[in-house]
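Let me begin by presenting the structure, written as structure tokens, before commenting on it.
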Protein chains: 4
Amino acid sequence: MAGNSFGNLFKLTTFGESHGVAIGGIIDGCPSGLEVDFDAIQAELNRRKPGQSEIVTQRKEPDTVEFLSGIFEGKTTGTPIGFSIQNANQKSKDYSHIKDVYRPSHADYTYEKKYGIRDYRGGGRSSARETASRVVAGALAKQFLKSVKIHAYTSSVGDIFLEKPYQDLDFSQIESNVIRCPDPETAERMIDRIKAIKKQGNTIGGTITCVLQNVPAGLGEPVFDKLHAELGKAMLSINAVKGFEYGSGFCGAKMTGTEHNDLFNADGSTKTNLSGGIQGGISNGMDIYFRVAFKPVATVIQKQEALNSRGELVDMQGKGRHDPCVVPRAVPIVEAMAALVLADYYLLNNTNK
Amino acid sequence: MAGNSFGNLFKLTTFGESHGVAIGGIIDGCPSGLEVDFDAIQAELNRRKPGQSEIVTQRKEPDTVEFLSGIFEGKTTGTPIGFSIQNANQKSKDYSHIKDVYRPSHADYTYEKKYGIRDYRGGGRSSARETASRVVAGALAKQFLKSVKIHAYTSSVGDIFLEKPYQDLDFSQIESNVIRCPDPETAERMIDRIKAIKKQGNTIGGTITCVLQNVPAGLGEPVFDKLHAELGKAMLSINAVKGFEYGSGFCGAKMTGTEHNDLFNADGSTKTNLSGGIQGGISNGMDIYFRVAFKPVATVIQKQEALNSRGELVDMQGKGRHDPCVVPRAVPIVEAMAALVLADYYLLNNTNK
Amino acid sequence: MAGNSFGNLFKLTTFGESHGVAIGGIIDGCPSGLEVDFDAIQAELNRRKPGQSEIVTQRKEPDTVEFLSGIFEGKTTGTPIGFSIQNANQKSKDYSHIKDVYRPSHADYTYEKKYGIRDYRGGGRSSARETASRVVAGALAKQFLKSVKIHAYTSSVGDIFLEKPYQDLDFSQIESNVIRCPDPETAERMIDRIKAIKKQGNTIGGTITCVLQNVPAGLGEPVFDKLHAELGKAMLSINAVKGFEYGSGFCGAKMTGTEHNDLFNADGSTKTNLSGGIQGGISNGMDIYFRVAFKPVATVIQKQEALNSRGELVDMQGKGRHDPCVVPRAVPIVEAMAALVLADYYLLNNTNK
Amino acid sequence: MAGNSFGNLFKLTTFGESHGVAIGGIIDGCPSGLEVDFDAIQAELNRRKPGQSEIVTQRKEPDTVEFLSGIFEGKTTGTPIGFSIQNANQKSKDYSHIKDVYRPSHADYTYEKKYGIRDYRGGGRSSARETASRVVAGALAKQFLKSVKIHAYTSSVGDIFLEKPYQDLDFSQIESNVIRCPDPETAERMIDRIKAIKKQGNTIGGTITCVLQNVPAGLGEPVFDKLHAELGKAMLSINAVKGFEYGSGFCGAKMTGTEHNDLFNADGSTKTNLSGGIQGGISNGMDIYFRVAFKPVATVIQKQEALNSRGELVDMQGKGRHDPCVVPRAVPIVEAMAALVLADYYLLNNTNK
């Protein structure tokens, strides 16, 4: 209820603050007998890790996951999988300057209103550091899902858009550049934009598109827990996300029925896929695709006014080592959350028997 | 798990098919001692009712709600509130022509894949008729929320957009026209567009904007169950919804940090509100606003190809009495779902004591 | 959370007060394609019905269930199954004499403390009438479970005990007498005892034993949701239950390890079954058996002191038509709850794949 | 769903196997601002620890808890509290002799049937070692509950019963002896019995009684989640538990209504308390008391037949260092689970406002 769990049957619960001892989580409900590829999990974590390129934060965190339970002789046992990631930064920095200060567009003020207390060091629980635990669980979910292919990529940075539809892209190019955009020319422009923004001590927003392929027809629950509703919630739960659309999305709202309807082929596939692979909340076997909007990071190096706990407006200035744009590091997080949603519905679908 | 419940502490579970005996639900967790305004509940149902104007379906359904339990001498008792709405249309029509046919962009095919069986009469459970139960529960949630103001309105139909920001609108005008757009001039253009589309036997999409005012600071859970994530899920669970954005939304993804940050006033309010009243998943006391995209209704009167259960493509034609645009009738549904989300978080917030 | 739901995957939510319009519920998660035997469901309801014999309450309630959704052409569709049972007694009686009075050992006082309001007519929500909804859902669960055999029977009334172990009983005799004890001689003594108690205007307690056969090995979750923990909760949730034991139960607490251990046969079955068919919270394929203790009904015809809302002790006297012993009517309720537990775990077990 | 979580609003999720890296858990929903007494938590763990006296297992486990998150400057922050306890025994022993063997009345066989794989070292997840995590969370729940007093004690070992009702006992004597029985004379007899049993290489069962005082009236949910139903589930989820009764319990089933009814005093308290402090599933402000039955530990030093995975019956002999009786170490576990149940309902009760 306090909202630190995601999923029902393949369920992740996370704990941890940015500058506490460790972050981590418990994965409950992963079926037994799954051979775990530990390297693949660490590889996903590395995609999210700080310091991986010059367009992300230069903080140093090794982000090494340790599994504490639920895996025996390399295989899952069906019991809960506990894991932790030590925080390297734990005591490295003095945060007293933000102790009593609510930074604009951060969660400082709202945590204070909700809890009357907060761990102010580095954002505490509201830090995106928490998403490392999601990536661990999502990487395991990917292994469980096997044949399903999950590809997220950067589809815009500021007003630079990757105009090509996903069908025209080569997903194997996503990791070929640091912005994770599969179109090399657009990638370069995005990277340049982020470098320029960073030089100004500013930040910039962007969008990520995600495509789920080989999802079997019949996944999802038709009323409140529609497959796209759960995907939407999953994405909106990622730090800095402001919007979610799937299939035709907001453009679909401008269309007419005859334009929008996906006519069938005789094999049950559809000629078009404005539905985005989901009809009535249930997958139809076509590609599922959606787009996620991220706002610009709130911490800027330029001076801004903040509020302190005595109701005074005070000048403040972000210190270095923040992301000028979250999008490149958010790509594996989007994939992880999508994998968690699918794993949960996959298990749930087995109960209708 | 089968997804027919929404909420945790203020929880709605619904049942019912379009052409079964009745639809209805159980509201569990509504606090005791709440004086129930039955007329206000019926009034909300009437806003969603078919046949209310010439731009919605001309089907006849009285949609009268009967409460079966949980209310005693006009007040809630804290026990579950059961209610039902009889289906007038129950046996009025022959649906054998769609018995073995999967209509394009409907849920026929996916229900069949998931369940191996479906009640094909009028869409069965996938019919938007189910949302009448949501409106009942949402109307009660509104009464529980008292001081919170919830206003949804039509913000676009096709490419006709209400360009004014919500701050410049007079919400008391929403019900002054059948499209539920508070700007009379835009409303007229929207209505004309729908009439034209209807004449063609076609349908059209649109968007709804919703504003939540007087929400106290501190509502929401900061990680997976962020307030906007749950609002997003709630909206995406409504039939025909393709997208959700709150605050700056997709536009925010084009902005820089210095443009996007909401600077504080000394009283804790913010000078701008691109955050949309939510920071870190928790309300900050400012207005919460979001936008929901609806695709065009899939049932068109024009002839289209459908697939039958023998794998043959067959011609089919929608029969009359369908909505040319769902948006006007969806306005109270959006409000109802928002009220349910808020009521749930409001109760949850009482537990942090 | 408000506790009107039971189960996760095969889930029942109930509503309704003793003297409201109707009671009923929603069964969510029943797999699709199950052919429903309506007569069998009504037959279970009839086993619980008032007025069925001279040793139960003489109230008249037809207790006819009406299904409202989720079943199409005689089969479940996978969508929620709504049902209701009209209350015949609705306005038949004047309850003003207990309006402000808390009867001893009833829930009047505690409801008042919890909710500050209560529907005092006939016990309202605290009436055992609510269990009729459980019997409906349990009867459907039995049909889903098919090969599993569920037999409950009266094993004691007051100090009259059925001494034979369940292995020596002929379950086909359970329905041969009104007390539902499969041993005719003991049954007769029990019936005589109840008649005598009734004549005194008093009531008496008893126990029910339940045996679950053909339960496959592997059902149950090993830690908090052990199969017997959930069975225990299910039984303890039935009105008037004071205790639960399974397998060796409280007697097992007097034994030594060498006496208590169930040695294996080569086929995995065990030579003894003090474990009661469950080890580590998971079924082992042997018979599951447990015993449930019911206190005497609190409403007695003899005069007793009650408390009124002004803090005065007042004389009160129960009126006729109450059960002198709940046990005979509780037998189908015990079976129903056991069926609901098994159905839920059966579905859950399908997710470990 | 996989059953490694307990509670809804004050929720514990545990992980860990007997001989894995560590055990631990996440406490989610503990209200913010609670000053944590770490020593009191460790003291509870020490009550459960192996090696504390000659009548418990002589295994050595320091059982030191480390908190990883959710506590800042000594106070809870409202965010999830992660914690872990390292396993000292991790690689200390060779378990290959039980690798393919199912021990009688253990969970070896059922885990194998359920999961097809198991961590056989020391019982893995089925080991009572998991309960250390419950004790940590329960100790925190006790601190949250403040004024509520929770006292459990050993009320029988084998056929040696503490005959005095709890009202005649001095709870301050519970910790004065190693069996945790507040009556010194009975305690001595119990201890002697266990020593004798241990010398025989055998084990013995027992019961624990628990009393909850100062619980406010109004806690609990009246239908499926009755306060005693949840307490029963909590207790039945503890390893080796076979039965639960509260208030009059199984004895109540022999009584008549006039004997059993608790007549009121004018202040709302009752003259007797056969109800056990709960009526209709809701606390009435009187003492809550219940009794829990534990079977004898299954591991005996005497030779017994076991089954191996090839379907052969083989001789096996338990090795030393097992508990001859679980009861003394289970006392703090019973208290911990009771505290978790109460904390959850306490928070839930705040939502009815």
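Yeah, the Cβs are placed from backbone N, Cα and C, and that goes for glycine too.
Curation plays no part in TrEMBL annotations; they are all automatic predictions.
Fair warning: this is a prediction, and the values are worked out from it, not measured in the lab.
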Practice problem: Select one of B:Arg189, B:Arg321: the residue that TrEMBL places in the FMN site alongside B:Arg125, B:Ser126, B:Ser127, B:Asn239, B:Ala240, B:Gly280, B:Lys295, B:Pro296, B:Val297, B:Ala298, B:Thr299. | Solution: B:Arg321
Self-check item: Conformational class of B:Val297 (FMN binding site) under the three-state DSSP mapping
Solution: coil
Practice problem: Write out which of the listed binding-site residues, namely B:Arg48, B:Arg125, B:Ala240, B:Lys295, B:Val297, B:Thr299, lie with a C-beta under 8 A from a C-beta of chain C, sequence order kept, or 'none'. | Solution: B:Arg125
Quiz item: Which entry in the list of binding-site residues, B:Ser127, B:Thr299, has its Cβ near the fewest other Cβ atoms, using 10 Å as the limit?
Solution: B:Ser127
Quiz prompt | binding-site residues (B:Arg48, B:Ser127, B:Ala240, B:Lys295, B:Val297) in Cβ proximity to chain A, threshold under 8 Å | solution = B:Lys295, B:Val297
Quiz item: Taking just the CA atoms, what is the gap between B:Lys295 (FMN binding site) and B:Arg48 (NADP(+) binding site) in Å?
Solution: 18
Quiz item: Cβ distance under 8 Å to B:Ala240 (FMN binding site), same chain, sequence separation 6 or more: which residues?
Solution: B:Ala128, B:Gly205, B:Phe294, B:Lys295, B:Val297, B:Val326, B:Ala330
Quiz item: Within the chain of B:Arg125 (FMN binding site), which residues six or more apart in sequence place their C-beta under 8 angstroms from its C-beta?
Solution: B:Gly16, B:Glu17, B:Ser18, B:Tyr111, B:Asp119
Self-check item: Alpha-carbon spacing, B:Arg48 (NADP(+) binding site) to B:Ser127 (FMN binding site), which is rounded to whole Å
Solution: 14
Quiz item: Just counting, how many other CB atoms are there within 10 A of the CB of B:Lys295 (FMN binding site)?
Solution: 29
